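Here's the structure we're looking at; comments come further down.
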Amino acid sequence: MTSVVVVGTQWGDEGKGKITDFLSSDAEVIARYQGGDNAGHTIVIDNKKFKLHLIPSGIFFPEKISVIGNGVVVNPKSLVKELAYLHEEGVTTDNLRISDRAHVILPYHIKLDQLQEEAKGDNKIGTTIKGIGPAYMDKAARVGIRIADLLDRDIFAERLKTNLAEKNRLFEKMYDSAPIAFDEIFEEYYGYGQEIKKYVTDTSVILNDALDAGKRVLFEGAQGVMLDIDQGTYPFVTSSNPVAGGVTIGSGVGPSKINKVVGVCKAYTSRVGDGPFPTELFDEVGERIREIGHEYGTTTGRPRRVGWFDSVVMRHSRRVSGITNLSLNSIDVLSGLETVKICVAYDLDGKRIDHYPASLEQLKRCKPIYEELPGWSEDITGVRSLEDLPENARNYVRRIGELVGVRISTFSVGPGREQTNILESVWATI
């Protein structure tokens, strides 16, 4: 029994897809356990970029099983489109498995997402308008439609009619918006269900059987710890649990079967959407990092907010997700800066604090306390070992490890597979 969980430790976009793809080479099963097509994974293979939103990064290994777990909310239309995209690129998807217990995103979820966001005005959360939140709302309210329901024509029709009656009353009376007709959805989405039917199964059985047989299973998180609905910057969060604990709920695998948790972070910080961001940069340094790092959302295309590395955020993520190993990405983006900074603590009303406050009002008053380190001017994109890094870059990497309190297992100096350097094999230490 060998399993590794990959989680983002910041606000998403840390490069989880790349690290998952990298670790997938030694895994036999790769599974997603939460989120939906609001997540964006960019994988570079032979200098070619592939962008995925629903399907696990392991799909590029035809000999490995890729799983969409029960904790994922699935937009059938997006999934069918993504499958077609992969097929056009010559990628087989015969190794994909989809949980019959996963909940389905339907057009009324997307419409409600948009109407709710518009109604918030200046207090908007910054949702991707993908229907993720409303789908999880229906799940919690026990009125959601699952993949198993989508495949049964009669059950799908019955539940869709019931849900539309309720949602349309909401659209018309609360939002003064046009209703959605049953005929606009039913045949189209039932058709999508039939297209994905061959992939649908009880994925909990597949995952547990694999673990019991001693196979290596990799769990792939979406978004990041700071977007977790319980442990993140609530309410500026996603509607699921990206933390490692979400694996057990979202995949049907017990906590005793989790061996390692790899936390993925960038050498700086970024986030998309609204919400607190203590180390955010508004100057030319921030603009430089954004452009060199290509900091634009995979899903939304929106410019990401960027800032210095925040070890307070990282220690919070380490604690609530039980991180055992760190994967540090995008060190190359900081090349050319005379000075680099790391936030080591916050100043809250004149008092130094080392933890991340739950209160948004307190966070607004938090000022980062920085430790400054000398930068480096060398091009490090071809570096293949820690020793080959310039001394200042090497010191920066080591200082991050010290402040976070987790050993760094890999560091990357670019988007390519060959630009990921191993300091310690995650699989070998299990």
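Cβ atoms are placed via backbone N, Cα and C, with glycine included.
Swiss-Prot has this to say about the protein:
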ACT_SITE  D13  active site, proton acceptor
ACT_SITE  H41  active site, proton donor
BINDING   12-18, 40-42, R304, 330-332, 412-414  GTP binding site
BINDING   D13, E14, G15, K16, N38, A39, G40, H41, T128, R142, Q223, T238, R302  IMP binding site
BINDING   D13, G40  Mg(2+) binding site
BINDING   T298, T299, T300, G301, R302, P303, R304  substrate binding site
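Features recorded in Swiss-Prot, as mapped to the structure shown.
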{"residue": "G12", "record": "GTP binding site", "Cβ contacts under 8 Å, 6 or more apart": "A39, A222, Q223, G224, L227, P242, R271, V272"}
{"residue": "G15", "record": "GTP binding site", "Cβ contacts under 8 Å, 6 or more apart": "V264, K266, S327, N329, S330, S412, P415"}
{"residue": "K18", "record": "GTP binding site", "Cβ contacts under 8 Å, 6 or more apart": "T42, I43, V44, N329, S412, P415, R417, T420"}
{"residue": "T300", "record": "substrate binding site", "Cβ contacts under 8 Å, 6 or more apart": "T128, V272"}
{"residue": "I331", "record": "GTP binding site", "Cβ contacts under 8 Å, 6 or more apart": "A267, I380, L389, A393, Y396, V397, F411, S412, V413"}
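In this structure, of the binding-site residues T42, T128, the smallest number of CB atoms within 10 A of the CB marks T42. Here the binding residues for IMP are D13, E14, G15, K16, N38, A39, G40, H41, T128, R142, Q223, T238, R302. Their largest Cα to Cα distance works out to 34 Å. Looking only at Cα atoms, R304 (substrate binding site) sits nearest to D13 among the recorded positions D13, N38, G40. The 10 Å shell around the Cβ of N38 (IMP binding site) contains 28 further Cβ atoms across the protein chains shown. For the binding-site residues listed here (G40, G301, P303), the lowest count of other CB atoms within 10 A around the CB belongs to G301. G40 (IMP binding site) and P303 (substrate binding site) have their C-alpha atoms 14 Å apart, to the nearest angstrom. All protein chains included, D13 (active site, proton acceptor) registers 27 other Cβ atoms within 10 Å of its own Cβ. The recorded positions in question are H41, R302, R304, and the one with the fewest Cβ neighbours inside 10 Å is R302.
For Q223 (IMP binding site), the number of other Cβ atoms no farther than 10 Å from its own Cβ, over all displayed protein chains, is 29. DSSP gives K18 (GTP binding site) a helix state.
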